[in-house]
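Taken from Swiss-Prot as is:
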BINDING   G7, V8, S9, G10, R11, M12, G97, T98, T99, S121, G122, N123, M124  NAD(+) binding site
BINDING   R34  NADP(+) binding site
ACT_SITE  H155  active site, proton donor/acceptor
BINDING   H156, G165, T166  (S)-2,3,4,5-tetrahydrodipicolinate binding site
ACT_SITE  K159  active site, proton donor
Amino acid sequence: MKLVVVGVSGRMGQALVRIICETQGAVLHAAVGRPGSASIGRDAGDLAGVGPLGVPVTDDALAAFVNADGVIDFTRPETSVEFSALAAQARIVHIIGTTGCSPADEARFEAAARHARIVKSGNMSLGVNLLSVLVAQAAKALEASGWDIEVLEMHHKHKVDAPSGTALLLGEAAAKGRGIDLTEKAVKVRDGHTGPREPGSIGFATLRGGSVIGEHSVLLAGEGEIVTLSHSAGDRSIFARGAVKAALWAQDKKPGLYSMLDVLGLSSPH
């Protein structure tokens, strides 16, 4: 499968190049960097530390998508929206690991999915997606009247969005288990005299510092006991492996908007 990596200059982009090189059935077709980036013109393999691959980094996404089978995208919401439109035009696979997307962005992805095979997730790792299933089960089993749900996450100091896409994914899983709408029940800020905790709400706490790749915990707090479900990411390659796995999975699927739960066979039967 001929894959394009966009945002190749970043840490995730370079991790993707390395994983593609070691994955049977995948090959790096093109690599896209930001216009004006110092990486433009450099060999993507050299950039990722795997040696020359004969794939120079370009800032022309349209040309890069020609004759490709799929694109893997951990960039920014505004660029992911642009890439989804290009993927739809090219009728190819688009794997989106970008977080911090707005409802308007999500609507654009849904529109693009009429022609592209899009897999979008706040986290591409197997462990986190399994965790989300367990969170939904726990939230369903432990009733809101006696159990409060809090989502705690920590990331490196350079992360620009909060709560993380993974924290929101886990919050959505908890809300699904409870049969509620997360947008109505989420509490993302607590400051000053907040009063008692709102019954049935799902709280979020965000920590930033150092080089932490990703730590997530979902706490279900009852009277006299706490159940904690957690995941720790020790290496960015777990996200890259999941993204490449998703691309290979989506290659023979119909156009549509899929999640990593679909890729991993963890989605609920429809």
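Cβ coordinates come from backbone N, Cα and C, glycine included.
Features recorded in Swiss-Prot, as mapped to the structure shown.
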residue	record	Cβ neighbours (10 Å)
G7	NAD(+) binding site	25
R11	NAD(+) binding site	14
R34	NADP(+) binding site	18
T99	NAD(+) binding site	23
G122	NAD(+) binding site	25
M124	NAD(+) binding site	27
H155	active site, proton donor/acceptor	25
H156	(S)-2,3,4,5-tetrahydrodipicolinate binding site	13
K159	active site, proton donor	17
G165	(S)-2,3,4,5-tetrahydrodipicolinate binding site	19
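Of all the recorded positions in the list R34, H155, H156, K159, G165, the shortest Cα-Cα distance to G7 (NAD(+) binding site) is found for R34. Cβ neighbour counts within 10 Å, taken over all protein chains shown, single out T166 as the most crowded of the binding-site residues S9, T166. In terms of Cα distance, the recorded positions that sit within 10 Å of G122 (NAD(+) binding site) are T166, chosen from R34, H155, H156, K159, T166.
Here T99 (NAD(+) binding site) is positioned 8 angstrom away from T166 ((S)-2,3,4,5-tetrahydrodipicolinate binding site), judged by their C-alpha atoms. For the pair the residue listed as 'active site, proton donor' and G97 (NAD(+) binding site), the C-alpha distance works out to 14 angstrom. Under 8 Å, Cβ to Cβ, and six or more positions away along its own chain, G97 (NAD(+) binding site) finds M12, I72, D73, F74, K120, S121, N123, M124, F239, A243. A gap of 11 Å separates the Cα atoms of G165 ((S)-2,3,4,5-tetrahydrodipicolinate binding site) and the residue listed as 'active site, proton donor/acceptor'.
Neighbouring residues of the recorded (S)-2,3,4,5-tetrahydrodipicolinate site, listed in sequence order and excluding H156, G165, T166, comprise T99, G122, N123, E153, H155, K159, D161, S164, A167, G214, H216 (Cβ within 8 Å of the Cβ centroid). Distances between the Cα of H155 (active site, proton donor/acceptor) and those of the binding-site residues S9, R34, T99 are shortest for T99. H156 ((S)-2,3,4,5-tetrahydrodipicolinate binding site) is 18 Å away from S9 (NAD(+) binding site) when you measure Cα to Cα.
R11 (NAD(+) binding site) sits 14 Å from R34 (NADP(+) binding site), taking the Cα positions as reference. Annotation note: H155 (active site, proton donor/acceptor) sits in a strand segment as assigned by DSSP. Residue pair T99 (NAD(+) binding site) / R34 (NADP(+) binding site) shows a Cα separation of 18 Å.
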